[in-house]
Amino acid sequence: MGSPVFRRPFCHLSTYSLLWAIAAVALSTAQVEVVTQDERKLLHTTASLRCSLKTTQEPLIVTWQKKKAVGPENMVTYSKAHGVVIQPTYKDRINITELGLLNTSITFWNTTLDDEGCYMCLFNMFGSGKVSGTACLTLYVQPIVHLHYNYFEDHLNITCSATARPAPAISWKGTGSGIENSTESHSHSNGTTSVTSILRVKDPKTQVGKEVICQVLYLGNVIDYKQSLDKGFWFSVPLLLSIVSLVILLVLISILLYWKRHRNQERGESSQGMQRMK
């Protein structure tokens with residue numbers, strides 16, 4: 001009679017080994033850290049994004065992808081076997097400027113609005129799959145500010161406009177009573193936004209010699225733009241009509257006097273001629 005064969009412990013041993021292997025892979029993956037840093041750069045300049053893999057195990061390949069609504073888009077890869085491979089869409093626009101498998105950087109030669117967004121760096125690790133990090137690029141345009149004022153018939157307009165990316169905010173300092181404020185914004189195709197704020201002063205004479213400050217809030221900083229109000233020209237419609245009427249009257253009187261004088265001279269000359277003929 002043959003002795004029985006026990007297979008159950010072997011199954012348990014295989015299961016335990018598999019579990020230990022999975023745990024080891026998970027532990028090694030969990031210990032891998034990807035360090036990234038978001039960047040804010042001036043539009044139409046050079047910008048770089050960097051990823052660092054904190055591990056002693058060197059990955060096989062590094063891939064950079066751009067995050068999009070429809071899914072990530074491959075941009076460029078680097079490996080020791082194939083070097084740098086740039087996708088056709090991104091040729092002449094970007095390159096990997098730090099050739100490494102643990103530290104990698106991509107550089108945009110001349111940033112455009114399409115380059116703004118978030119990017120993933122993927123490290124393909126042997127035995128533990130892919131490890132990724134995300135770095136975001138934000139583009140800005142420095143504000144261009146204009147501050148001026150105009151006098152009208154019965155009020156004064158003080159206008160402050162700022163154009164920038166992202167959109168700036170405008171506030172006023174040094175204003176008094178009897179002043180109305182209106183603000184509007186307009187987006188441009190180049191990615192900038194213009195914000196215009198107008199102060200309407202009902203009694204301009206009260207603001208002569210005073211300093212008005214337009215405060216532009218941009219990226220957490222407040223910049224003051226100052227304007228001193230000089231004496232302007234105030235007039236009303238009745239006063240203007242009176243002045244014009246007076247000028248017209250003076251012109252008519254001058255014409256009438258000139259005509260009378262010229263007529264008297266002609267009469268005098270004709271009477272003298274008749275006396276000589278006699």
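Each residue, glycine too, has its Cβ placed from N, Cα and C.
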Which one, C121, C136, C160, is listed by Swiss-Prot as the other cysteine in the disulfide with C51? C121
Glycosylation sites N110, N157, N190 vs N95 (N-linked glycosylation site), shortest C-alpha separation belongs to N110
Fewest other CB within 10 angstroms, which one of the glycosylation sites N95, N181? N181
Taking the Cα atoms as reference points, how far is N103 (N-linked glycosylation site) from N181 (N-linked glycosylation site) in Å? 53
CB contacts under 8 angstroms to N157 (N-linked glycosylation site), restricted to the same chain and 6+ apart in sequence, sorted by sequence, are Y149, N150, I198, L199, R200, V201
